[in-house]
Each structure stands twice: as C-alpha cells, then as structure tokens.
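S.K.: Feature list, courtesy of TrEMBL:
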type	residues	note
BINDING	Y15, Y20, G59, S60, Y65, D81, N86, D138, V139	S-adenosyl-L-methionine binding site
Amino acid sequence: AALREGYEHFDPRAYLRNNYLPPRADFSSEEFVVPWKLRCLAETFASGEIRGRTLIDVGSGPTIYQLLSACDHFEEIVATDYLAVNREELGRWARGEPGAFDWSPFIQHVCKIEGRGEPWQDKERRLRQRLRRILPIDVHRPEPLGAPLRPPADALLSAFCLEAVSPDRAAFVRALAHVGNLLRPGGHALLLGALGESFYLAGAARLPVVPLQESDVREALAAAGFALRELRSYAMPPALRTGVDDVDGVFFAHAQK
C-alpha cells in the first residue's frame, strides 16, 4: 500500500531526465551505463536463440530502449506498466506524437553496435509496428495481467521494475515467480536491474528499492523456477552518481524457465 501511494507521485518525464539524458545517456564511450545496458541486450539477442511469436516487457515504465534489439526477433511485443502515466507516455512514442521523448540517439547507437548498416529509422518503424499492446500489470498478483497470457510469451524482459516495486527480497522473489507465469516452459527471461540501491527519485516521488547483490539475483531466479544462463554486472562510476538515486551498479541476467 505504501509503494502504491508513492507511485501516485511518479513523474515519467523527471524519471527520463534523470536516467536517459546525459550524463547517464552518453554514447561517446562504452564506459557509460546506457551503452553497457544496450550492449548486453544486443549481444544476447545476436545469438539468435531468443526468438518467437511474443515477447512481454514487464514494467516497461516510460522507456523503449530495452526493446530495440528484441524487436527484430519477435512478431509481437507486449509492453506493460502498473501506472497509467507510463502507459500514456509509451503510447505517445508508439504513435509518433509530437512531444514524445526522443529515443533516436538510443536507436542510432543500437544500429551501430548491431553492425548491420541498417538505417535507424527502419528499426524505429519496426518497433512501432510490433509494439501492438500496452497493458496494465500488477506483478504482486499471481496472474499479473489479471488473466493468463494466451499463448504464453516466448520470452520475458524486465528492466528496473521488480526490485523497485517490492517491499523486501521475499516480495521480489514472489514477483519474479508471478511474471514467470506469463512465460512458456523453456522460455527465456532477460532482466536488467539495480544493485545496492535503496531509493530513486522521479519528480516529487522518492521511491524505495530493495537493495540487491548478485547473490540475491542468483537465489531469486532459482527460487522462482529459472535456470541462470548468464549474469553480468556494471559498477556505477563516481561521475554518474548524480544524486537521483544511490545505486552502486547494474546487473544483467539471462535465465530460462
């Protein structure tokens, strides 16, 4: 209940400014956090192993960067978020409305690291075509969408959601198991999340986060019925500790149900 109340003050634009403009979204070097996240996703999807009909993005927030490499490998992408303001922000971008957040530097960077020589506008167009549904979700319910996803998703992606909406580690594990219900057996799960973070800011909202270590991520995935395939971590450098959170680092996990 306290988390729900806090998220009523969540400001998507403030969140985007804090995390997806410079200095954090600096593409001049792979040492910065946003290029690191994009490379983790690009390299994992480049294997060709993670593909299928449907990918579900759990807790999309107001962002689409996490879907850029995924969109080449799925017929449909389902974005989800608990907050209507975030679903509205995603909808503005998906419809190409004036005033939507400019993700073009992210799209250009992903096209560069994927190395296929593709015009970035083609990838933007493809993601918009494949982002067919933006749904409400509550990861604390055994059926997070209110009903089973039919057919179940072939892959699941979630970036900076579960640890930011769970009051403790036990709730984090339960939420991970709940979203796993949306995934077919053998399906792949890709997670990006915060390490050692206890809060973050989004405008007037100061939101609590479950501080996780790598060992917590490993244990949570196993407890929720996933086999860990890969775990990477990134240490946040002093220059990117801007006061909008107290994050120590970022993890990237690839697991299989």
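Numbering starts at 1 and runs along the chain as it is shown here.
Cβ from N, Cα, C; glycine included.
TrEMBL does not curate its annotations; it predicts them automatically.
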S.K.: What's the longest C-alpha separation between any two of Y15, Y20, G59, S60, Y65, D81, N86, D138, V139, the listed S-adenosyl-L-methionine-binding residues, in angstrom?
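M.R.: Largest Cα to Cα distance for the S-adenosyl-L-methionine-binding set is 24 Å.
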S.K.: Here the binding-site residues are Y15, Y65; which one has the lowest number of other Cβ atoms no more than 10 Å from its Cβ?
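M.R.: Y65, out of the binding-site residues Y15, Y65, has the fewest neighbouring Cβ atoms within 10 Å.
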